[in-house]
Amino acid sequence: MPFIENQTTTAEPIVPVDVKGKDAFHKLVDDLSAVLGPSSGLDSDDVDPMDIQKLMEGYVSNHEEWQRYALADESRAYTRNLVDEGNGKSNLLVLVWNPGKSSPIHDHANAHCVMKILHGSLKEHRYDWPEQDKINNGEACPLTVTKETILRENEVAYMSDKLGLHKISNPDPNDFAISLHLYTPPNAAHFGCSLFDEKTGKSHHIKQCTFFSNRGLKL
């Protein structure tokens, strides 16, 4: 697809301006930031995760509005492209999933994730947490799949550590999938997250979840 490029873009960073004249995607970016603005993220009493979901559900995907952020890399399963930091309260990312690729099974570093499909479809596998007593005793504790869901263009999903672990994959062997993710607080970017082995249940921590691009500019 023409808006997926494995190269450095010459686009200028987004500079906040008056909402008037912005397209629907960048209006969504502003609205998400406004909802999170007075708080420290979705854990705060004055923010309802449903408000985030409703805002994302109200946006109809238009690739001309977000394509500048959709940078891909064929050497990776997917790329994490930063769009906005929500006044330091969150990370809003466009993820580009290569055909047939998937994420590892992972947690969310005690943060909340709201995800919208911008293009294509993604498959989510959810898992129970492994039994910590077995892990501490050096025993294998294979992860149990609790739910499988196909998410299609414009659908929205919510995930947090309270719901378990998950893995996201692009089931299409020929086409990219693209999704918009809001993480709040932005713990994974600052402190990393844990990846899990499906057969043993054992985990290892990665120190930081890095970005492939920042506001349309490849890093």
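Just so it is clear, glycine is given a Cβ too, placed from its N, Cα and C backbone atoms.
Given the structure is predicted, the values throughout are model-derived calculations rather than measurements.
Now, the feature entries from Swiss-Prot:
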- His106, His108, His166: Fe cation binding site (BINDING)
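Excluding the listed site residues His106, His108, His166, the same chain places Ser103, Ile105, Asp107, Cys113, Met159, Asp161, Leu165, Lys167, Cys193 with Cβ atoms within 8 Å of the centre of the Fe cation site Cβ atoms. Under the three-state DSSP scheme, His166 (Fe cation binding site) falls in the strand class. Counting every protein chain shown, the number of other Cβ atoms lying within 10 Å of the Cβ of His166 (Fe cation binding site) is 22.
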